[in-house]
Structures are given as C-alpha cells and as structure tokens.
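J.: First, the structure itself, so that you have it in front of you.
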Amino acid sequence: MGVEPWGRGGGAAVELRGARGRSPGGRSLGGGAWGREQKPRGAIPPDPAECSRRPCSLLTSMSFVAVAEDSDFPIHNLPYGVFSTPGNPRPRIGVAIGDQILDLSVIKHLFTGPVLSRHQDVFDQPTLNSFMGLGQAAWKEVRAFLQNLLSASHARLRDDTELRRRAFTAQASAVMHLPAAIGDYTDFYSSRQHATNVGIMFRGKENALMPNWLHIPVGYHGRASSVVVSGTPIRRPMGQMRPDDSKPPVYGACRLLDLELEMAFFVGPGNNFGEPIPISRAHEHIFGMVLMNDWSARDIQKWEYVPLGPFLGKSFGTTISPWVVPMEALMPFVVPNPEQDPKPLPYLRHDRPYTFDISLSVALKGEGMSRAATVCKSNFKHMYWTMLQQLTHHTVNGCNLRPGDLLASGTISGPEPESFGSLLELSWRGTKAIDLGDGHTRKFLLDGDEVIITGHCQGNGYRIGFGQCAGKVLPALSPA
C-alpha cells in the first residue's frame, strides 16, 4: 500500500537529469537531438492516436522535434508536467516531447478551440489542477492540437524560429516540480498477489486474504504533504517499534526500510459533496497516471498498525514521477479486466476494459555499486481492482474528490517471485538475501541506496514511457 501526499510543501523541486545526461540508475534518458535538421514531409502524418500497436515507421518523422525510438516521450505520449529553469524559476506547465519540454505558457495564445479559447489562463498556473478540472473535452482538445502543432507538416511552430526558441526547453536543463497541488491522497491495496503474499507471511496460508478483500477495493487515507517529486532524497524515519515481542517497544531509526512499486492516477473534475460518482462515468474523472514509490518502514508499521492501520510507517515520504501520462495515450494498451470471483456488488461492476499493459521495473543502486541492479520486473495488468472501481468506491459514501487528488494502486506484485513489488516479498520477510551482483545483497534498504522505478507501454516502433521515479535514502535524524 502507499503513503501520503500533498503537493506544495513536501514537493521539493529537483533537477531533471535528462537527454545527454545520465539517470540516477546509470541509464541514459536519451530522447534524441533537437530536430531542425529533419525535413518536413509533404504528406500529413497519421494521427498518433490511431497508430496504437501497429507498425509506425514514421515515428521519428512525425514531429519536427527529433525523437529517439527508445524515448519515453514520442508524439504519441505528450505527458504533462510542471518545470522551471535556472534562468526562469517560475514553475510552469509543459509537455514532454523527445528530450525537450514545450512550455504551454508561451504558446497559450495558440489554443483557439471551443474550450481552451476561454481557458487559456490555465497554462499560466504553477500547477495542473485548473487544467485537470476542465475535464475530458479540454484534455482531448489540447492533445489533438499539440499533436498537430508538433507534426512535421505543420508550419506554425516549426517555422517560427523566435517562438520555437522561447517555447522549447531542454529537459537536461529543467527543474521538475510536483505536477499538482495534491489536496488529498488515498492509497489502495489492489494487487491480489501482494495481499496474498503479505497475508501468508503474517497470518498463514489459510487466512492470507482478509474476508473483505475480494469484495471491496481496500484503501486508506494517506499523507499528502509528504508526496515528493522524483529525485527528492528520502530521510530514514525515526519511530517506535517492537523488534522483540517479549520486551517493551523501543525508539530509534527504522531498521526495515522498504520500497513499494506502485502507480497512481490524478483526479480530474471532482464531484459534489454527498454525490457519488457512478462507475459508468468514473473514467471521465481520471486525468492521467504516474509512477510511485510508497516508501515503507516495516518495523514501525508492524507495531502501530493495529487497530487503525498505517500512520508513521508510511507518512514520512512518497515519491512520484514528474510526468503525468494522459489516459488517452494509454488507451491503445488497454487489456481485458481481471476475472473477479466472487462478482463485486453491482455498483462496482463495469464492462469497459480499464486495465493496462504497462511494463514496470525497479532498480537499486547502493554505495559502492558500479551500476544499478534490477530487483523487480512487474506489470500493471496484474492489478485485481481497476481504477474505475477504486474511484467509484471512494465516492460511494458521498466523499467529494477534487482536481489534483491522487489515488494510488497499492504495491504491484505479479505471479512470479521476480515480479514481487516490495523487498518485504522479495526477501520473504527478511529470510533470504536479494542478490544485487558483484557481491552485494539486500534484505531491506540501507542508507545511500537509490531506488529507481521505470515503466512504459511498448508499441510497434515506439513506447509510451513515464520517465523515472527515483529517490535516495539519507540517514535518520534524531530530534534534538
């Protein structure tokens, strides 16, 4: 399960090491060079939304911005983020394309469609909240316009040297911020494999799943203020724990610090207080997705968990990736929903496919390691409860959601041991060491360890990526 966010205070900005640089895990973030040398094609390129999984040999020529084939950010993607630069520290909204960022505040005057012509000011905001709240008509309008504007056949931006100079920023020189002011954060517990694994460890195989788990999307209210953007260091938490059940509890630094592989979605338009969102309309309220690491202090969590659930074991930090991938970019990768037995109650049933084939990877790089080691490979399609069910269940009692609220998946574990999404599972509660290569092993995280989560959908000749969700563990600080 996840932690707690709230986007302003906790969201320290971090420098984005992109393009020509190296990522925290040593992997090139390369997105290709600025594409002025590319000759515009005479024919209008195909709509990227229609390209989906079929061969797309025009990938790098579809935009006048050069995009490497292994880039996370082709014209099919166009994720939204908030960035600043050393020369202009004002946070502003941008879209990633190749190794560049298109500053939407610079080109806002070009949005002349039926919705955005009346709301150009949303791109003057320091967060995406206002844009998120406009809803699907605005999102579709902006996406279609940007794909046209960035295409190799469209001259408006391509041939305006001065506008292009002001509108584009290299990702390598950008500082990324939290994409939204996160008013509330909820973390679900929606992987059956993860819930089963944890249940076996602590309750035995016969009682692995709690009686309610197959009937409701279990979740808890997290701490929004400590959600931070990728690259922000995470301080090892202090707290109370009871390592020896025969002795009184002790106070000290967490000894069993863990990672959790998760994804999360941002809420678009909210709902009125007291009015549930029916599952038939839940998709209208989901803006886009990010990667998440729900850092967890297992020893603190174990001692405090009963009877009210997670508190200090979760609230010290949650990391998300800076780029929000719009749901429209993910739709070509939708897969059938999981079989749910028993069938959920009618208010949670839906036929609309809303599970996605998103390959996920977790790497760990400790001090003294020459490169990061992959410790987990999983996939979002393994989730049991869908985002539509999570959102609908969240509001069924009349709870009101707001634009920019963050709802997380819970730990994503697949059926095979190498797809388990936490060190708790990979080390099976610390009973076996995880081999990192070159003589390095782990059961739980050490100070100086850096965790790097990546994810992407693989098309034919292109990929829809999320960038990185990374954080490094700092030593604990005891109160004076």
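A Cβ is built for glycine as well, from the same backbone N, Cα and C atoms used for every other residue.
Caution: TrEMBL annotation is automatic and unverified by curators.
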J.: Since TrEMBL lists K314, T318 for Mg(2+), which candidate among D294, D341 does it give for that site as well?
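T.: The candidate from D294, D341 that TrEMBL ties to Mg(2+) along with K314, T318 is D294.
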J.: Going by TrEMBL, E260, E262, D294 bind Ca(2+); tell me which of D184, D187, D357 is listed for that site too.
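T.: So, going by the record in TrEMBL, that would be D187.
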J.: Which residue, of the binding-site residues Q301, T318, T411, has its CB surrounded by the fewest other CB atoms within 10 A?
T.: Q301
J.: What count of other C-beta atoms do you get within 10 angstroms of the C-beta of R203 (substrate binding site), across all chains shown?
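T.: That number is 12.
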J.: Whole-number Å distance between the CA of D294 (Ca(2+) binding site) and the CA of T318 (Mg(2+) binding site)?
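T.: D294 (Ca(2+) binding site) and T318 (Mg(2+) binding site) have their Cα atoms 5 Å apart.
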J.: Could you check which of the recorded positions D187, H194, E260, T318 is the closest Cα neighbour of R203 (substrate binding site)?
T.: H194
J.: With DSSP as the reference, give the number of residues of the domain 'Fumarylacetoacetase N-terminal' (76-179) in helix, strand and coil.
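T.: Helix (H, G, I), strand (E, B), coil: 45 helix, 27 strand, 32 coil.
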J.: Have a look around E262 (Ca(2+) binding site) and count the other CB atoms within 10 A of its CB, chains all included.
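T.: Summing over all protein chains shown, E262 (Ca(2+) binding site) has 32 other Cβ atoms within 10 Å.
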J.: Mind telling me which of the binding-site residues Y189, Y305 has the densest Cβ neighbourhood, counting other Cβ atoms within 10 Å?
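T.: It comes out as Y189.
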